[in-house]
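Asks: If you scroll down you'll find the structure; I have some questions about it.
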Amino acid sequence: MARKTLTTALVKKFIPSRKSKSRKGENGIVLVVGGSYIYHGAPILSSIAALRSGTDLVYTSVPKINVASTRSVSPNLIVIPLVDQKLTRGAVNKLLGALPRKLDSATIGMGLAIQEKNALLHLVKSLLDRDVRLSLDASALIPEVLPLLANKNVVVTPHAGEFKRLFGQVPSNSKNERIKLVEEKAKEFGITVLLKGSTDIISNGSTTYLYEKKIPAMTVGGTGDVLSGLVAGLLSKNRKPLESAAAAAFINGLAGKVVQKKLGLHMTSMDLLPEISTVMKPFDKIM
């Protein structure tokens, strides 16, 4: 098993070049599905993070009760209402009918209220059948989804509690044991696992990347939603789950370091969003 610590030089290889004559839509189209009556902000953070990663278009699907508040945050968001307040089979069918033909990646689960597990499974399977790369987080991390994901270009981004719910095992406090468990589960289920923590562990079961953040300000709520948007945004262009997840973790951390230096321990996740552009600019490559 190859293990590597993430560095700027390594991550630069994971960020694709952009053609000087490229057109709108050629640099990534992303779908974000999330939100609920209580957690309206999560998909907003993910969507703006995906845009800041350099994605051309982001479609944000939230319950209809959240549509006005989501649209009011940014004119850059293309909002598709979910017809029900929670994820149902009917809501998924209508969403699938409203999506553009070309869709590169999607992130699902941030703040999402799910009424029917089968609705989530239907959404995941339908997107995978369209060759859409997926990043699953939060509410989407349930064990029932695992049989659909094997070797399908999927990233899961759990924290320790979500890891337990998804895989049925608690990550150890021992760093080495955590790494081994992530590698084991990634290999067993044919997916890329990004276990969030003070050290992010990213593995596809054959290669593992480590990123030790040491950014205590990033315990604030919503940083994981930003990360999910970065994963989806990078996945829409790179299309390699391991590299995209590793780059997303690194960039999220770089942005966090910039914000912590400015604001100390008083940051919010919204503060990360403009800094994504700042820290990603040195990675830009134009062909």
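Cβ atoms are placed via backbone N, Cα and C, with glycine included.
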Asks: Pick the one from G168, G221, G222, G224 that Swiss-Prot also lists for the AMP site with K196, G197, S198, T199, D200.
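Replies: Looking through G168, G221, G222, G224, the residue Swiss-Prot assigns to the AMP site is G224.
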Asks: The (6S)-NADPHX site in Swiss-Prot lists H159, D225. Which one of A2, A9, A42 belongs there according to the record?
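Replies: (6S)-NADPHX site check in Swiss-Prot: besides H159, D225, the record includes A42 out of A2, A9, A42.
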Asks: Are any of A42, H159, D225 (the binding-site residues) within 10 Å of G197 (AMP binding site) when you go C-alpha to C-alpha, and if so which?
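Replies: Taking A42, H159, D225 one by one, the ones whose Cα falls within 10 Å of G197 (AMP binding site) are H159.
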Asks: Just jot down the residues in the same chain as T199 (AMP binding site), at least 6 apart in sequence, with C-beta under 8 A of its C-beta; none if empty.
Replies: K175, R178, L210, Y211, E212, K213
Asks: Look up G224 (AMP binding site) in the DSSP assignment and report helix, strand or coil.
Replies: helix
Asks: These are the binding-site residues: H159, K196. Which one scores highest on other Cβ atoms within 10 Å?
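Replies: The residue with the densest Cβ neighbourhood is K196.
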Asks: Do me a favour and check the Cα-Cα span between G224 (AMP binding site) and H159 ((6S)-NADPHX binding site); whole Å is fine.
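Replies: So the Cα of H159 ((6S)-NADPHX binding site) lies 9 Å away from that of G224 (AMP binding site).
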Asks: Could you check which of the binding-site residues (A42, H159, D225) sits closest to K196 (AMP binding site), going Cα to Cα?
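Replies: Among A42, H159, D225, H159.
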